[in-house]
């Protein structure tokens, strides 16, 4: 049987339609949801990502403020830019484009983003809150994965989810989010022995490892749900799509899977934040 | 072959010996490390735990300040007590005894503890930092488990660790700490299907489920390392000791396993915090 294709574009379209309405309503109150993107240096793919995010904002009527800092920026210079954005009432979300040049303490910069504006879900506080089940802005790729799961009504409770990858913005938070939805969760990584054997037990596979075509169909259990959060050069996922397609019960394509939903989660969380500001303003007026 | 007994008392004794020296050194500088314990209501086992912690402080020369609030205390009353302790320079660590009476928002109370004094590792920020590998005061029971692992030189890297339990102070943080030490980690809980089968694959089993004698020897792989963080009435662990003893390569007894080390971690983290205060004082003088 052919697997269900988990169409991220479709999910993203639906999310963005509802966001357009919410943005219009906010504008009527005089509030324009605004995402500030901070790019340090001149890495061309980072520039492309930042542009894509800016365009996505514009398309649903949001504003985006683009801050481009020179590649020699120091940690303390970056921190003061972030602090300014933290205290700017017109900015509802802050995205610091990863990676930053080597001389910068990236973790310190992420941590400086105030929890109210951490719409990209990069702070340790945001991660902790998400892990404990009361986080407002989880990291966007894990949020996208959960969104796809919900859109297609994938059953999670009691299932065995195997996450390959353990980064602070992907493997770790998606493990915690699946755990909070009552999956049994195994988190794997470069030190994992017998990876194929572990993957073969998974009802749900989340690939977040950053190696093109890494997850092979022969590893996968018949009928498993495969979510590919990999993002490698040439628009290639972590999942060997053709061989996994043969085995999967459901699978995300790359491109057109997790990626588009990730951007729409970033927009959604910025709109959430703007709505919270609006509520506070109404209260105080 | 008989398993290695992971003797928590021995680990705790060694930790406390080194703490005594550090406490003496601090006292010579005029600083007495002080743990504030906050107990709300009159649950008798909670009273016992708080007393035990106070005694443990005294035995190594530390101070403990016991705050006992009536069972009708409100969330906001408790928050103001915690805030006072946060700003009291003589207090280096704050422990809020769990559970608090039902009318109190326990999570809000935990979150109110400042990160500098969260020596019991209960805040979501502390959890996030620990998960990202730069936490200073992890939750004490997971810290105790890692301490026992290190004391007995248990190999973790590349091993498959199965954690049974997912509480914010035990299952979740110990999963993250084992993951940060390069174990492959599976986190199980009440919704897990085929628990016995999953446990049978574990090189390291952490029992943190709160059900007496729950983990059976027949589930366990020959030679596995079994760490029992369970704490049930009558001093009974989560691990069915006799049957697991037959299979294990190493095992913690209950009592005398994880428990004593947990208290010594609480002391250690309070002394760490006092030393940090001393350093700041020296800088500013």
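For all residues, glycine too, the Cβ spot is worked out from N, Cα and C.
Curation plays no part in TrEMBL annotations; they are all automatic predictions.
Now, the feature entries from TrEMBL:
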- A:6-120: domain 'Tetrahydrofolate dehydrogenase/cyclohydrolase catalytic' (DOMAIN)
- A:139-277: domain 'Tetrahydrofolate dehydrogenase/cyclohydrolase NAD(P)-binding' (DOMAIN)
- A:165, A:166, A:167: NADP(+) binding site (BINDING)
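Structural mapping of features recorded in TrEMBL.
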residue: A:165; record: NADP(+) binding site; CB count, 10 Å: 22
residue: A:166; record: NADP(+) binding site; CB count, 10 Å: 25
residue: A:167; record: NADP(+) binding site; CB count, 10 Å: 16
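Apart from A:165, A:166, A:167, the residues listed for NADP(+), the same chain places the Cβ atoms of A:163, A:164, A:168, A:170, A:171, A:172, A:187, A:189, A:208, A:209 within 8 Å of the centroid of those Cβ atoms. Among the binding-site residues A:165, A:166, A:167, the ones whose Cβ sits under 8 Å from a Cβ of chain B are, in sequence order, A:166.
Each residue in the domain 'Tetrahydrofolate dehydrogenase/cyclohydrolase NAD(P)-binding' (A:139-277) gets a DSSP state, and the totals come to 57 helix, 24 strand, 58 coil.
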